[in-house]
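Step one of this worksheet: look at the structure below.
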Amino acid sequence: MTAQVLAGAPAAAALLSRAAARARTLPRPPGLAIVRLGDDPASVSYVRGKDRKAREVGLQSTVYALPEETSQAELLALIAELNAAYDVDGILVQLPLPPHIDEAAVLRAVDPSKDVDGFHPVNVGELWSGRPGLLPCTPAGVMVLLEHYGIPVAGRRAVVVGRSAIVGRPMAALLLAADATVTLAHRRTPDLGAVTREAEVLVVAAGRPHLVTPEMVRPGAAVVDVGINRVLDAAGVSRLTGDVHPDVAGVAGALTPVPGGVGPMTIAALLANTVTAAERRLGLSGPR
Ligand code: ADP
C-alpha cells in the first residue's frame with residue numbers, strides 16, 4: 001500500500017479563501033500586528049511570510065521589528081498600546097524571544113481576544129474546558145487538513161506524540177473536542193511503538209527526525225507529521241525532514257509530506273484566527 005499524500009497547499013488555499021471571503025464582509029479590514037525582536041534569520045523569514053500572506057488575504061498587517069536589546073518594559077508597553085488599538089484585532093509575538101525577556105509574561109500580556117496564536121492561559125483554559133476561544137495555529141491547521149481530506153476523527157483512536165504547549169497538548173485537546181479517544185505520548189512513554197500502533201489517527205510532534213518508523217504504525221492509519229528538522233543528507237546537503245520515516249508511506253493509509261504538509265496550514269490558521277478575532281470584536285461572529 002502507498003499512503004495518500006495529504007498535501008497542505010490545497011487545504012491551506014481553501015482555508016485562506018474562506019478567510020478572505022469572511023474578511024470582505026467586515027466593515028473594515030481585520031488588523032494584524034506582528035512583533036519581533038532581533039534578527040534571528042528564521043524569525044525574520046517567518047514574519048515576512050506571515051505579513052505577505054496576511055496582505056494577500058486582505059488583512060491590514062503591520063510588522064513591529066524591534067532591536068534585540070529592547071527591554072521587557074518597552075515590549076510590554078508596545079503590547080499595551082496594541083491591546084488598546086481599535087483597528088488591531090490580532091497580536092502575534094514571534095517566538096523565540098531573546099533570553100532577557102520573560103516569554104510567559106509577554107504572552108500573558110496580550111489581550112486574550114487578540115491572542116491569534118492561542119497561547120494566552122485564558123485561551124488554553126477555554127480550549128481544555130471545551131469552550132474554545134482562539135485556537136493555536138498548528139493544531140488548528142492539522143484539524144482543517146484532516147477535514148479537507150475527509151479523514152474522520154470522531155469515535156476513532158488518536159495518538160499524539162509530543163506534549164509541547166504549542167503543538168502536542170493543544171492537538172490532544174482539539175482531537176478530544178472532535179470526539180476522538182486520545183492518548184498523549186511523550187519522551188517518558190515506555191514502548192512508544194505499542195502506543196502508536198493503536199492509532200487510527202497519529203499526530204507526531206516530537207522534534208526527532210524519523211522517530212516514527214513503519215513498524216510503529218497501524219496499517220491504514222492517517223499519519224500527520226508536524227516535525228520540521230534540518231538534517232544533513234549523505235552528501236552533506238542540509239534538508240528538511242519530518243519526525244516520521246518516509247518508509248511509513250508503505251504502511252499508512254495517508255501521510256503528510258515534510259515540507260509541504262502541516263507547514264502551510266499553520267500560517268493559514270493564523271490568518272483565519274485573525275478574521276475570527278475581528279468578527280468577534282466587531283460583534284459579527286459568522287460561521288467559521
Ligand atoms: P514542538 O515544538 O514540535 O511541539 P518540542 O521540542 O517543544 O516540539 O517538544 C517535543 C515534545 O516531544 C516533548 O513533549 C517531548 O516529550 C516529546 N518527545 C521528544 N522526544 C521524544 C521521544 N523520543 N519519544 C516520545 N516523545 C518525545
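Every residue, even glycine, has its Cβ placed from backbone N, Cα and C.
Small disclaimer: the values here were computed from a predicted structure and weren't measured.
These come from TrEMBL:
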BINDING   GLY162, ARG163, SER164, ILE228  NADP(+) binding site
DOMAIN    8-117  domain 'Tetrahydrofolate dehydrogenase/cyclohydrolase catalytic'
DOMAIN    136-281  domain 'Tetrahydrofolate dehydrogenase/cyclohydrolase NAD(P)-binding'
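Feature annotations (TrEMBL) mapped to structure.
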residue	record	Cβ within 10 Å
GLY162	NADP(+) binding site	24
ARG163	NADP(+) binding site	18
SER164	NADP(+) binding site	15
ILE228	NADP(+) binding site	17
Close-lying binding-site residues around ligand 1 among GLY162, ARG163, SER164, ILE228, where CB distance stays under 6 Å: GLY162, ARG163, SER164
Residues GLY162, ARG163, SER164, ILE228 [recorded NADP(+) binders]: greatest CA to CA distance in Å: 16
SER164 (NADP(+) binding site): secondary structure state under DSSP, collapsed to three categories: coil
